[in-house]
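Over in Swiss-Prot, the protein carries these features:
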- Lys8: N6-acetyllysine (MOD_RES)
- Lys123: SUMO2 cross-link (CROSSLNK)
- 130-169: domain 'STI1 1' (DOMAIN)
- Thr198: phosphothreonine (MOD_RES)
- 205-233: compositional bias 'Basic and acidic residues' (COMPBIAS)
- Lys210: SUMO2 cross-link (CROSSLNK)
- 222-239: motif 'Bipartite nuclear localization signal' (MOTIF)
- 260-292: repeat 'TPR 5' (REPEAT)
- Lys301: N6-acetyllysine (MOD_RES)
- Lys312: N6-acetyllysine (MOD_RES)
- Lys325: N6-acetyllysine (MOD_RES)
- Thr332: phosphothreonine (MOD_RES)
- Lys344: N6-acetyllysine (MOD_RES)
- 360-393: repeat 'TPR 7' (REPEAT)
- Lys446: N6-acetyllysine (MOD_RES)
- 492-531: domain 'STI1 2' (DOMAIN)
Amino acid sequence: MEQVNELKEKGNKALSAGNIDDALQCYSEAIKLDPQNHVLYSNRSAAYAKKGDYQKAYEDGCKTVDLKPDWGKGYSRKAAALEFLNRFEEAKRTYEEGLKHEANNLQLKEGLQNMEARLAERKFMNPFNLPNLYQKLENDPRTRSLLSDPTYRELIEQLQNKPSDLGTKLQDPRVMTTLSVLLGVDLGSMDEEEEAATPPPPPPPKKEPKPEPMEEDLPENKKQALKEKELGNDAYKKKDFDKALKHYDRAKELDPTNMTYITNQAAVHFEKGDYNKCRELCEKAIEVGRENREDYRQIAKAYARIGNSYFKEEKYKDAIHFYNKSLAEHRTPDVLKKCQQAEKILKEQERLAYINPDLALEEKNKGNECFQKGDYPQAMKHYTEAIKRNPRDAKLYSNRAACYTKLLEFQLALKDCEECIQLEPTFIKGYTRKAAALEAMKDYTKAMDVYQKALDLDSSCKEAADGYQRCMMAQYNRHDSPEDVKRRAMADPEVQQIMSDPAMRLILEQMQKDPQALSEHLKNPVIAQKIQKLMDVGLIAIR
């Protein structure tokens, strides 16, 4: 047994020095002499993992568990190898099995948490939570017109808050169109084989994680360093930061190759509010970690802490930069959420910083000049810039709506009119321009309603009175073909929703077969409202 211990110690020293092949030879010779020694298989598993031979690391991890089923380290070795092999579900189960035997084993707990995080990453990411969601939808002509429909926005919010509903919504063509825009692929053109294809396996880890240390067989200096770290952790929890720093500093002196002791020091300075020192130590820790091939998760934590320090100082651009560095090393939900939060704050800050009413007025005047010359596209650009400079000026939206109407972009005109009315409910132009857009779309019933609202505000408004009369006459004299009526009606998002409702389709079929059923259905105010809408657009008529 003395020879076995000598070979084991020799292997440990070789592994610590980075001489992996020598370490493997020592452990293998020791195993020949003592094939039932579980520690030897555990150590050799660590050596194989460090070499990158993860299959053999896994086999030795399994042997360790077989020889000593109640030893947490064996499960840790086996799970780590499975993780390297991208067999995340099996790794998770192995960590869970190990915790049944050693419920308080920190390595197993941390390993399980990391596995759960990585498995969460592999699930389908919800595209409806993109930070620039509405900008993407606005920029694409396939979804731009849908945004004016309140039911569409409700649908988007529902899928943002409850992505599990996506499967039940795929029959809605609007959802498929939206996914095509957000994912940048034409889902409608994918053939069955493409749709049924399984996703490609994830790429191998970008950096080789460092195998876990062999607690029982660590050199004396590393054992002492771990003890100092624990003392430092106890002091840190008690907020005795000076004492914690002393212990972490001592641990670093004993084991200068372990970046954890430096990041722990950085954590103390973070709590003390000394963010410059915190960042300096994190950078040093990353340097040490790179030199010693540290686990990429530890590198990611150091970058995330730098990001957090900038976030605390409200330097969101710098925070985003380091959060992205952290995510490039290892993606975790917490850091991703923090990065998105910083991006949202920064975007709002930039928007507010851009506001300048004086420059907005200049752009508005330029837009007016272009509009009078008939250069509507250029006028629209000036009004858009003016809105960015002063987004609370209702008249700017009204002016841009006039441009959109001239350019026959009626849905966008309606959207701007709605914004104008919301900002300034008593501004007549907001109503008359909205009504004009509806009139141009030949939606005379809605147009008359809006003209009437303008007249309610100012009964002497000639533009509203004339518009109301025009719409009334047009409605009376229209002789559209059934195809024209149907095409125009189905362009209305509200009508689309009504006609895609299975219950409403059943009611309409009943009305065709049994006209007497109408009176029963009209007792329901919701159904009555929908039937009235279909009558208004000319899709149905009641005789």
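Each residue, glycine too, has its Cβ placed from N, Cα and C.
The model shown is predicted, which means the values in this text are computed figures rather than measured ones.
The structure, with features from Swiss-Prot marked on it.
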| residue | record | DSSP (3 states) |
| --- | --- | --- |
| Lys8 | N6-acetyllysine | helix |
| Lys301 | N6-acetyllysine | helix |
| Lys312 | N6-acetyllysine | helix |
| Lys325 | N6-acetyllysine | helix |
| Thr332 | phosphothreonine | coil |
| Lys344 | N6-acetyllysine | helix |
| Lys446 | N6-acetyllysine | helix |
The answer for the repeat 'TPR 5' (260-292), taking Cβ pairs under 8 Å and residues 6+ beyond its ends, is 210, 225, 229, 232-233, 236, 239, 241, 244-245, 248-249, 251-252, 298-299, 301-303, 305-306, 308-310, 312-313
In this structure, the one of the modified residues Lys8, Lys325 whose CB has the fewest other CB atoms within 10 Å is Lys325
Long-range CB partners for the domain 'STI1 2' (492-531) (under 8 A, at least six residues beyond its ends), listed in sequence order, are 146, 148-149, 151-152, 172, 443, 537, 539-540, 542
Please report the distance from the Cα of Lys8 (N6-acetyllysine) to the Cα of Lys312 (N6-acetyllysine), rounded to the nearest angstrom. 48
Could you tell me which of these modified residues, Lys301, Lys312, Lys344, Lys446, has the greatest number of Cβ atoms within 10 Å of its own Cβ? Lys301
Rounded to the nearest Å, what's the C-alpha distance separating Lys301 (N6-acetyllysine) and Lys325 (N6-acetyllysine)? Just drop the number here, would you? 10
Whole-Å Cα distance, Lys325 (N6-acetyllysine) to Thr332 (phosphothreonine), is 12
By Cα geometry, the one of the modified residues (Thr332, Lys344, Lys446) nearest Lys312 (N6-acetyllysine) is Lys344
What is the three-state DSSP composition of the repeat 'TPR 7' (360-393), stated as helix, strand and coil residue counts? 28 helix, 0 strand, 6 coil
For Thr332 (phosphothreonine), the same-chain residues 6+ apart in sequence with C-beta under 8 angstroms from its C-beta are Ala117, Ala300, Ala304
